[in-house]
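These come from Swiss-Prot:
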- 17-19, 49-50, 76-80, 147-150, Phe154, Arg157: 4-CDP-2-C-methyl-D-erythritol 2-phosphate binding site (BINDING)
- Asp17, His19, His57: divalent metal cation binding site (BINDING)
- His49: site 'Transition state stabilizer' (SITE)
- Thr148: site 'Transition state stabilizer' (SITE)
Amino acid sequence: MNQHPNKPIFKVGIGYDVHKFDNTCYNDANTFITICGIKINYHKKIIAHSDGDVGLHALTDAILGAVGCGSIGQHFPNTDNTWKNIKSDYFLIEAQKKAQEKGYSISNADITIICEQPKIMPHALEMQEYIANLICIDPSCINVKATTTEKLGFLGRKEGIAAQAIVLCCLQN
């Protein structure tokens, strides 16, 4: 039974993020990008104000949108040096706190990473577990998958990486 008759029981949010790759080709074995909290070896770096984790940025944006709290750019603007090089875990945890303050918990999330390279699926399970642990929900409630743009556009030319996320938030009792 809904104890808050003016609040919807379910809220859905959609998030999207994109970052450009640095054109420099790095041969260092320690070169990596971070996607959904997991470091993946890759010969290019992401150009970003924070750590450039498109997966966590999209999920953060989805959560904020679901509970009517604006966007990641409003809360953590790339014009503020407070957020320079910060790990995106912080953004996600703060978004979850804002959802809880509004009386909502995260029920489940689905994240799609869009890129030609690096290959995401070998890391998807680890990403799901990482996110679930970060926001304290069952790993079965997080899904990470990947797709390409069939070599079309800037993503197809391997100039960047994108992510979209959808989240279901439920009213807490």
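Cβ atoms are placed via backbone N, Cα and C, with glycine included.
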Check: same-chain CB within 8 A of divalent metal cation site center, minus Asp17, His19, His57: Val18, Ala48, Gly52, Asp53, Val54, Gly55, Ala58, Ile161, Ala162, Ala163
Rounded Cα-Cα span from His57 (divalent metal cation binding site) to Asp17 (4-CDP-2-C-methyl-D-erythritol 2-phosphate binding site), Å: 6
Packing count at Pro77 (4-CDP-2-C-methyl-D-erythritol 2-phosphate binding site) (other Cβ atoms within 10 Å of its Cβ): 12
Minimum Cα separation from Phe154 (4-CDP-2-C-methyl-D-erythritol 2-phosphate binding site), reported as the residue among recorded positions His49, His57, Thr148 that achieves it: Thr148
Proximal but sequence-remote residues of the same chain as His57 (divalent metal cation binding site) (Cβ under 8 Å, at least 6 apart): Gly15, Asp17, Ser50, Ile72, Ser88, Phe91, Ala163
Recorded positions (His19, His49), the one with most neighbouring Cβ atoms at 10 Å: His19
Residue among recorded positions Ser50, Thr79, Thr147, Thr148, Thr149 with least C-beta crowding, 10 angstrom cut-off: Thr79
Cα within 10 Å of His49 (site 'Transition state stabilizer') - qualifying recorded positions among Pro77, Thr79, Thr148, Thr149: Pro77, Thr79
Between His19 (4-CDP-2-C-methyl-D-erythritol 2-phosphate binding site) and Thr148 (site 'Transition state stabilizer'), the C-alpha gap once rounded to whole angstrom: 15
